[in-house]
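In what follows, a structure is listed as structure tokens, so that the remarks can point back to it.
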Amino acid sequence: KTWKYINMYNTVELHSEILKIRKHYGVLDVCFASLSDEAYRSLRDQDKDQCILITGESGAGKTEASKLVMSYVAAVCGKGQEVNKVKEQLLQSNPVLEAFGNAKTVRNDNSSRFGKYMDIEFDFKGDPLGGVISNYLLEKSRVVKQPRGERNFHIFYQLLSGASEDTLKTLKLDRDLGKYNYLSLDSASVNGLDDAANFRTVRNAMQIVGFMEDEVQSVLQLVAAILKLGNIEFKPESRVNGFDESRVKDKNDLKEMCELMGIEQAALERAFSFRTVEARTDKVSTTLNVAQAYYARDALAKNLYSRLFSWLVARINESIKAQFKARKKVMGVLDIYGFEIFEDNSFEQFIINYCNEKLQQIFIELTLKEEQEEYVREGIEWTNIEYFNNAIICDLIENNQSGILAMLDEECLRPGTVTDETFLDKLNTICAEHQHFESRLSKNSKFLTDHSLPHSCFRIQHYAGKVLYRVEGFVDKNNDLLYRDLSQAMYKANHSLMKLLFPEGNPIKVNLKRPPTAGFQFRASVGTLMKNLLTKNPNYIRCIKPNDKKASHIFTDSLVCHQVRYLGLMENVRVRRAGYAFRQAYEPCLERYKMLCKQTWPHWRGPAREGVEVLLNDLQIPQEEFSYGRSKIFIRNPRTLFTLEEKRARCLEDLATLIQKIYRGWKQRTLFLLMKRSQIVVAAWYRRYAQQKKYQQIKSSTIVVQSFIRGWKARMILRELKYQKRCKEAVTTIAAYWHGTQVRREYRKFFRANAGKKIYKFTIQRIMQKYFLELKKTMPSMSPIDKSWPPRQYLFLEGTHTELRRIFHLWRCKKYREQFTEQKKAIYEEKLEASEIFKDKKALYPSSVGQPFRGDYLEIKMNPKYQKLNTLVDEKVIIADVVNKINRANGKGAARIFLLTKSSLMLADLKTGQLKASVPLADVSGVSVSSQTDGFFALRLKEGSASAAKGDFLLSSERLIEIITKLHRTKAGCEDREFLVQFKQDKVCVKFLQGGPKNGNSVTCKRKNNRLLEVSVPSP
């Protein structure tokens, strides 16, 4: 099917009357709706995959036509919560892709700058399940440069116009478009486009499609970073070797861009100044001049935007893909850029026009060439209709040996100096004799004097007309190189999308292969697209632009005739008029219409062609309306097909009525038999229930009568027993009263004499009972330090009250001690002994109460550092700590290891572990300490002993209390006074002084003369 659609530059709404279609193959009011309906019905009813190809020049209305096709399909398919959600996601993907992939051009205010092919997947009922979008060659050069009168992609203007002030502040942007070098100002505003409203539409569409809020913010951050990237400018800086090196002029935009993307500023700045070239084993770093730095900046901006767009398409596909893996029917909608002829045509227009050549070739193959060949193949009488076959142009562009794309790739990969001029020279050499290629520098002499053909250009005669291409930029755009330093800098960014967009920047997976060229990638993707389209039944919408002014009610005859001519529509109409509107193999045709003839229904036993002949003869269809081919039946007029379909529909209704009648009869008979069986079962159960109920009534009545009789008999017996009991109780009471009277008469005199004592004893017992009960309720806690006790209530219980308090305290102390382990008892015994020694005697004691005594602080046995010292100690170490040994010469301390065992104490060097002194405990006569807060103590040795040869030891330790306590428990006593220390033969007096504010909190020791050491102790 091929429909022609003229863009009248008016908005078309899908009103309800447009959606009213005639029953079966009726005609709709709008051409795209008619074609969409026929494609949808063929897909749903005949199980044929469809594709709708929308083609035409730029500005002919292809994008709007594709949206109307999708809206129509969404309107006519099924309903339901899940179906509506899928339809809404498919429709809302359009605003997102338009914002990022469309832009204003001189021909079109909403021109698609990328190719889009969407496969919509349906289930067997015709309800949409999901879709897959493929994109082709985004015009990323538009990001960095736009021709005069054109704009950048819509999203940049929408973001600056529609975002809130807080959003712009977060993205470090300003609403003034003039502050950004990548945005053209001459066409910043477009009539009929509200960028602010469109931005809100895009945000809402992204939410409906399934984008998370953090993903939306990440996308906007990258868009803002691209705007900031365009403001980075460079300046030259001379180096010692004579080469110029580029430097960033103003680093403010670079800093803000790095903050948006989470990139280290120094790394990106270096990537703009240096380029690293890697071979297998070598790595060379070269400087970039200013021109190369600008090229690197623009290449980064183009790649960043292009990869972001590809990520958006992949993210949308992830949301709209079918959730079920069942067999699906597919309808493809192709909306791709139209044929473009501008004043300045470059690599992008060349690629776009090549794609349109391929689509035109498919149209020719399937509608003109294939159809005429089929008539000849089937033996139908046919007069051949001539048409222009553009296969020669496609071969000129895509031939693997001599095609323009192949030569462009060969030139890009060639070693040596490669420029656009060398590429043009190669074209002039190889393509000079081609009838559709024109160049002034070629060997063909007829173009040497053609002044309309500049020297740096070549011209191709496309099916739509001649197009002049400027060769400048072809090589660079085909290479599409992004320096590896920039890729690696992007990969190191903290932004959530960077590692996905620049996977080649991973230093672990460095690939030294040259990436495929842009032309090679596009040719491969177009080849895949063509194979995909050939597997489906094609439907064409040929969009025609009525004028070049983008205005309604203006019809330029010459422009329209030119489009009709080069699109091949005249040849298509002639083939359709002379040919047949419908053709089908005999087997499916007979299978579809066999119910229209009694002889072929329900089964035809002979060959399928004979069955079709019998069927058409029985229906009395005129002979000129159809022809018999070798394997197919050909019907000339669509009305004949509509008549067959109408008859088939009426017959299907009759068959459906018959099937319904038989089914209803069977259903009612089945229901009757089921009700009959159910009635018998219900009656049996009811009779059983009735007899059971009657039996229960008789049984309950009998039980009631029996209970009344038994009750009457029991009451008679009870009444007799109660009477006998009252008689016995009366006799007992009378006897008791009589005995009581006799006893009172006998003992009256004794009772009066002892009544006071008994009352007093009883009262005392009651008071004691009450006292103990109250004491039980108000007992204090089991803590030994709890000194509370209930108050005394009675004066005569003073002694008892005090004794009970003492007994309770001893008892709970005993209970508290029973909870202690042996290790804990030892600790408390040491603490108790320390209290007896130092409490109220040593000012340092209160601070040591809360500190547990650990003993071996250095872990001598476990620490390999003291292995040598450990071999000299045979006994268990009671305490091992670091002390300061006071030097008699200057009063300064030296760190020593202090070891105490059951038989001796030792001093060793802290660093080497070498033993300095070992003193048996038998030679220790005592210990002297002061009453201040210092940690000094003197070990007094027995005079005349071997250990006393060098005199007493004066030591200082923060754990003085623990050391003295353990030493006291082991051997020595303790003195609390100023003490004398004997160094060899001299006796030295140690005097403790209260220090002033200038000493702070530290303890200092100074030697005043030969016999006096002064220790300054901080004031408490």
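Glycine residues also receive a Cβ, built from the backbone N, Cα and C atoms like all the rest.
TrEMBL labels come from automatic prediction, so no person has curated them.
Positions annotated as domain 'Myosin motor' by TrEMBL: 1-649. Annotated ATP binding site per TrEMBL: Gly56, Glu57, Ser58, Gly59, Ala60, Gly61, Lys62, Thr63, in sequence order. What TrEMBL records for 526-548 is region 'Actin-binding'. According to TrEMBL, the feature domain 'TH1' maps to 842-1020.
Feature annotations (TrEMBL) mapped to structure.
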residue: Gly56; record: ATP binding site; Cβ within 10 Å: 24
residue: Glu57; record: ATP binding site; Cβ within 10 Å: 26
residue: Ser58; record: ATP binding site; Cβ within 10 Å: 21
residue: Gly59; record: ATP binding site; Cβ within 10 Å: 23
residue: Ala60; record: ATP binding site; Cβ within 10 Å: 24
residue: Gly61; record: ATP binding site; Cβ within 10 Å: 26
residue: Lys62; record: ATP binding site; Cβ within 10 Å: 27
residue: Thr63; record: ATP binding site; Cβ within 10 Å: 24
Open item on the list: Within the region 'Actin-binding' (526-548), count helix residues (DSSP H, G, I), strand residues (E, B) and coil residues, in that order.
Closed with: 9 helix, 8 strand, 6 coil
TODO: Within the domain 'Myosin motor' (1-649) only, compute the mean pLDDT.
DONE: 79
